[in-house]
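Features reported for this protein in TrEMBL:
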type     : residues  : note
TRANSMEM : A:70-89   : transmembrane segment
TRANSMEM : A:101-121 : transmembrane segment
TRANSMEM : A:141-164 : transmembrane segment
TRANSMEM : A:193-219 : transmembrane segment
TRANSMEM : A:231-256 : transmembrane segment
TRANSMEM : A:263-283 : transmembrane segment
TRANSMEM : A:344-377 : transmembrane segment
TRANSMEM : A:383-408 : transmembrane segment
TRANSMEM : A:415-436 : transmembrane segment
TRANSMEM : A:465-484 : transmembrane segment
TRANSMEM : A:515-537 : transmembrane segment
TRANSMEM : A:549-574 : transmembrane segment
Amino acid sequence: MGSILSLPWFDFTVSGVVIGSIYALMAVGLALIFGVANLINFAHGAVFTVGAYVGWVCAVALGLPLWATVPLVALGGGLVGAGIEYIAIRPLNRQSRIAPLLATIGVGLILDQIVHILFGANPRALPVPMPGWRVSVGQGSIGPIDITIFVTAVIAAAALYAFLFRTRLGMAVRATAQDEDAAKQMGVNIHAVNMAVFAIAGALGAIAGLLVGIYYNAIDPNTSFQIMLKGMVAIVIGGMANVPGAIGGGVILGLIESYGIALFGASYRNLFAFAVLLLMLLVKPNGLFAKGREREAEPMTGTFVIQSMPVRPPGWLLALGVAAAALVPLAGQPYLTQVMTNAFLYALAAISLTLIAGTVGLVSIGHAALLAIGAYASALLTIAGLPVALGLVAAAAITALLGTALAYPAFRLRGHYVAIGTLAIGEIVSLVILNWTSLTNGSMGVFGIPPLTLFGVDFFSTNPSYWLVLGLVVVFALLQTRLLSSHLGRTWRAIREDTVAAETYGVGSNYYKGLAYGFAGFTAGLAGAVTAHQFSYINFDTFNLLTSVLILTIVILGGLGNVTGAIVAAVLVAGLPEMFRVLAEYRMLFYGAALLLLIRFRPRGLLGSG
Amino acid sequence: MKPLLEIEKINSFYGPVQVHFDVSMSVPEKAIVCLLGGNASGKSTTMKAILGLQAPRSGRILLEGRDITGWPTPRIVRAGISTVPEARRLFGGMSVRENLLMGAYARDDRGEVAADLDRVLALFPRLGERLGQKAGTMSGGEQQMVAMARALMGRPKLICMDEPTMGLSPLFVDRVLELIATVNGTGVSVFMVEQNASMALRIADYGYVLRTGRIVLEGPAKQLLADPRIRGAYLGENVA
């Protein structure tokens with residue numbers, strides 16, 4: 001105990017409050033947008049990054065002092081925020097709840113890619129001259145950077161309060177958050193309110209980006225997603241649309257992280273955030289400051305994407321398509337064959353996601369986690385001596401079990417919480433892989449994964465590997481189509497349409513969701529395992545958020561629940577860009593734009609949802 | 001009396017479903033006009049059409065002779081139409097004062113809002129004592145009062161009320177009728193949609209009966225009140 005007590009607790013508290021005040025700035029923006037537009041803005045992390053780089057341009061490239069840099073960063077972030085509302089949100093006109101959420105994922109990818117194009121993918125130093133003194137308090141001390149960040153955050157929060165409670169538009173923002181229809185009938189221009197809120201959130205998020213840069217003396221273009229998640233955890237702690245709650249949630253999260261690092265070490269930093277998130281979702285989904293445990297009812301129970309009649313291509317056309325696909329290696333272009341192998345692996349993953357998204361209505365934003373579990377399971381088992389064929393099957397089975405167990409807490413979530421929950425599960429899997437060094441070799445990754453040989457037959461060279469993957473896609477597509485038209489498939493769709501109604505008819509929805517997840521986990525685990533043997537090297541980042549977003553894009557393009565659609569879309573989204581060098585280089589831009597345009601113009605997918 | 005609001009042969013649709021068939025109505029200045037009808041008769045859609053929340057596919061809506069069809073809601077509110085929405089729809093987490101100020105949100109003459117607040121509070125003295133209270137914590141009758149006062153804060157020529165007595169106890173219904181008379185007494189026309197026909201007709205000057213999207217009966221309130229067909233319209237029996 002002596003060693004714990006002797007830790008510099010004061011310093012950990014100071015850094016917790018300082019980082020927490022930055023999280024609070026992020027969270028306030030997310031909470032405002034959630035309150036007014038009923039939407040989790042996944043582009044909010046990208047706005048943070050944009051803010052950091054606007055700050056770099058002002059403070060370093062132009063050499064401006066901090067008092068001039070902060071307002072310019074706020075202005076830049078405000079413009080980006082308003083732009084997001086105008087380009088991505090307004091045109092959607094509330095067609096369905098998940099549409100704007102997915103659109104913000106697309107915008108976030110585009111903004112991140114733009115930052116990469118302009119400033120490169122490597123971190124940059126952000127030296128801001130600070131006086132050298134520190135104030136000693138007991139055993140610890142506070143420095144000028146701590147004070148600058150804390151004071152800036154407090155001023156920003158005070159400005160927000162002045163806006164919300166002292167201005168006419170601020171009053172309209174609060175009224176709209178309470179009752180949008182009533183506000184409209186008072187003559188409030190809802191578009192103007194939305195844009196104002198996105199602009200304010202953008203300004204605050206951009207300032208947060210600058211402050212983090214000042215704190216660490218460096219800015220990094222690859223942190224958008226992580227910081228967005230932190231903001232999201234903070235609003236879950238504070239209670240989604242609760243602005244003061246978001247501030248409290250941010251500071252609490254900062255303290256938890258800081259103390260957690262003090263006790264367990266810095267490599268677990270992000271794990272604390274997600275442990276808190278899961279705990280909150282399970283125990284107090286309305287936030288720490290809410291009275292009841294009841295979640296606020298969200299109207300959608302299912303996928304909340306509009307259903308449509310799926311296009312059903314005739315059997316002969318499908319057979320023709322498979323035959324044509326089988327002939328691809330005969331074109332004698334190994335690169336094309338490799339690209340198509342990769343595309344069909346995505347198709348396998350997409351078949352899996354479309355099952356759970358299109359049937360039981362769990363639109364997962366963390367599907368890459370299932371691939372990662374399958375990949376690691378098969379890699380580790382076969383390195384330990386298991387034959388590859390057995391490794392693949394075992395990995396798929398492990399993914400089915402583990403994936404279902406992990407997703408189980410998300411089964412009872414609805415609407416936005418499904419997005420948050422699945423995202424968190426995905427991140428936790430990746431963090432566990434990173435931190436469980438004794439099993440997974442941590443950040444070094446797993447080397448020397450045996451090549452694909454099944455019962456002594458070579459499946460690792462280009463052509464056989466392609467045929468194997470194509471074969472798997474066809475088998476699982478047929479299997480799944482059979483399943484969907486069975487009694488089980490109808491039950492799944494009933495759960496998607498209305499979970500509560502299905503339960504009143506005696507359908508235990510968790511059991512059926514578990515079955516769907518198990519089947520989907522098996523398919524996805526297999527896709528991950530095959531990928532691992534092809535790559536021969538994997539690490540915690542091989543299957544990341546971009547993978548998840550790509551799979552989700554494919555599933556939406558194909559039409560939720562539509563098996564044929566998912567395969568066609570995988571070839572279009574995962575295959576096509578690789579055939580054109582420019583598209584492959586700006587992959588994130590392409591995926592982001594594809595997602596954005598898709599949501600805008602074909603929310604039901606190319607072939608309709610099933 | 002000169003008509004303040006005229007609805008000329010509007011046809012409204014929800015997707016492929018037609019909810020108004022050549023509906024025409026008129027609200028004279030300083031009058032109380034009620035629109036009666038059962039469920040799914042098209043009453044609420046009429047309200048939405050007037051407020052610009054759901055534009056009719058054809059026909060016109062005129063305010064003081066000006067065609068306001070298809071205008072965005074904020075512009076219609078500015079032109080002089082306020083609303084007491086169905087179930088009141090107060091901003092429950094905001095104070096009474098802020099609710100009243102929201103009623104004046106669309107006005108251009110912001111300098112006069114303070115004077116109007118005093119005027120409205122003189123009309124509803126009870127609210128003066130409660131200005132700081134959160135609207136959501138008040139009783140149903142008080143909330144109805146806030147909703148009426150909020151509508152008046154827009155300095156409207158016409159207030160549209162959507163089922164103002166819905167969900168209130170019989171005791172409160174009489175109070176609400178008094179409130180409506182008070183509001184009307186300030187020179188504002190009232191257009192109200194109601195299911196409770198006998199109640200609405202007691203204070204109205206003129207009434208219309210809407211059934212499955214068509215006006216089936218209209219006339220001065222006193223005549224309608226005595227008309228046996230009113231009963232028929234509500235029980236779903238055939239009307240003449």
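Residue numbering: from 1, along the chain as shown.
Note: Cβ is positioned from N, Cα and C throughout, glycine not excepted.
Using the rule of three or more Cβ pairs under 8 Å, pairs at least 6 apart in sequence, the transmembrane segment (A:465-484) is not in contact with the transmembrane segment (A:193-219).
Here the transmembrane segment (A:101-121) does not touch the transmembrane segment (A:141-164). Their Cβ atoms form fewer than 3 pairs under 8 Å, with each pair 6 or more residues apart.
Here the transmembrane segment (A:344-377) lies next to the transmembrane segment (A:383-408) in space: the count of CB pairs under 8 Å, restricted to residues six or more apart, reaches at least 3. Tertiary proximity for the transmembrane segment (A:383-408) is limited to same-chain residues at least six positions away from its ends with a CB under 8 Å from its CB atoms, namely 362, 364, 369-370, 373-375, 377, 422, 425, 428-429, 446, 448-455, 510, 514, 517-526, 528-530, 533.
Contact between the transmembrane segment (A:70-89) and the transmembrane segment (A:193-219) is present: at least three CB pairs lie under 8 Å, with pairs separated by 6 or more positions in sequence. Same-chain residues lying 6+ beyond the ends of the transmembrane segment (A:415-436) with a Cβ under 8 Å from its Cβ atoms: 34, 40, 97-98, 101, 229, 232, 236, 240, 267-268, 270-271, 274-275, 277-278, 281, 285, 295, 298-300, 304, 362-369, 372-373, 376, 406-407, 409, 442-443, 540-541, 543-545, 548.
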